[in-house]
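Trainee: Sharing the feature lines straight out of Swiss-Prot:
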type	residues	note
ACT_SITE	234	active site, proton acceptor
BINDING	10, 11, 12, 13, 14, 256, 301, 400	ATP binding site
BINDING	78, 233, 234, 235, 293	substrate binding site
DISULFID	351-368	disulfide bond
């Protein structure tokens, strides 16, 4: 059986095929394409038609390789959505979570419901771009015309099959799902002026969505596909592919964002979890991904784009190695870095405000970013141990960031934990494995992780002896200084 993963991230997408051979997963990249938002009509908008076109081109390539039949699963980033009318047509283009319309919405909604009340209901961390805040800022007249609100991966599946669902791992990120009941919360829906029936029925990963409607796409020669729901939130798919064993391990799903957390059976909605802004997102097989959403490779992606010389990410890491780490302390989670006009100038301005050495060269900028990511990761690991009351012995970095040896070593040094890097294509791998579990070719997630360990090289980074406590203290003092400006 051939399985196809459609994995669309915030900056790029890829289509991978995979099959299981003697307990090992063989995967092949078939198609890769760019993704990103553009500034149009006063908003940051996604080009959904571009994504659909690329998906169809990729599926056509699958057939060109001789695969007449396959199953398909789709995952994407979280929180963003489309609004559809009764005919199933989009009422407008999908707005990106990086749009500035929700900059102050957390405070606005707090006039209706307190943070504590929302957290007890949802267990979801407070991010200005969460779906609940996007819907709060929606045009009320547009919402009245809306028949269905669909998360991006659900909408892409709908475009291929005509079947509308709301997959649970992605909708859990909206801050509208009640963590206790597993249903959309009526009070939260009312607070943002939407109705429960505007969402399609909730569904779990591993369900058959429907057959690809080839007749809708006469310009493409497509295989006969059965489309499955997978863990449609890309992080939920990636965590399936985290090669952890038993307990005592944490993960960073490292891409445009860094999601750092542990896998639990039950949510943690304590005051300490709220205070530290941790989230309880749904995972596959009724698990809870207790994690923190941290700014990730977005910052270096923006810097790379703005540098005058054409550096690869590997070259930037090599340049960073030539620079002494921990020369600047920057809170990259500050909302000023979410979508600034110029990331390089924003970093330099932060350093100027806090009277630190200003990074100017490509190597200095890269080293500054990677050093501070490592510090932020280390702080989050310590928080996880405190909140969960469990020690973390192993730390798995999965996703694109796993190939960054420089950052991986800094993370090991700052956390004092052994870092295990890989697999790199964790999200697509988890997508494929979820399809295999649904097809009963793989028994469960435990067996899926054994398949990962059998199939992919895992690189180990051991921590060096550094004065990590002093570095973290300096970071925290500088961050407090910046907040007082």
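Every residue, even glycine, has its Cβ placed from backbone N, Cα and C.
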Trainee: So if I draw a 10 Å sphere around the Cβ of residue 14 (ATP binding site), how many other Cβ atoms end up inside it?
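Mentor: Looking across every protein chain shown, the total is 19.
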Trainee: How many Å lie between the Cα of residue 78 (substrate binding site) and the Cα of residue 234 (active site, proton acceptor)?
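Mentor: Distance between the two Cα atoms comes out at 7 Å.
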Trainee: Cβ-Cβ under 8 Å from residue 400 (ATP binding site), same chain, 6 or more residues apart: which ones?
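Mentor: Once residues fewer than 6 apart are set aside, residue 400 (ATP binding site) is near 254, 255, 297, 424.
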Trainee: Taking the Cβ of residue 351 (disulfide bond) as centre, how many other Cβ atoms lie within 10 Å?
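Mentor: Result for residue 351 (disulfide bond): 20 other Cβ atoms within 10 Å.
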Trainee: Using only the Cα atoms of 78, 233, 234, 235, 293, which the record gives as binding substrate, return the largest interatomic distance in Å, rounded to a whole number.
Mentor: 13
Trainee: Residue 78 (substrate binding site) has how many other Cβ neighbours within 10 Å of its own Cβ?
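Mentor: Around residue 78 (substrate binding site), other Cβ atoms within 10 Å: 29.
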Trainee: Which one is closest to residue 368 (disulfide bond) in space, judged by CA to CA distance, out of the recorded positions 10, 234, 235?
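Mentor: The smallest Cα gap between residue 368 (disulfide bond) and any of the recorded positions is with 10.
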Trainee: Sorted by position, what residues of the same chain at least six away from residue 12 (ATP binding site) have a C-beta under 8 A from it?
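Mentor: Listed in sequence order, they are 32, 33, 34, 35.
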Trainee: Would you count the other CB atoms within 10 A of the CB of residue 10 (ATP binding site), including those on all shown protein chains?
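Mentor: Other Cβ atoms within 10 Å of residue 10 (ATP binding site): 22.
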Trainee: For the ATP site as recorded (10, 11, 12, 13, 14, 256, 301, 400), determine the largest distance between any two Cα atoms, in Å, rounded to the nearest integer.
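Mentor: The two farthest binding residues have Cα atoms 18 Å apart.
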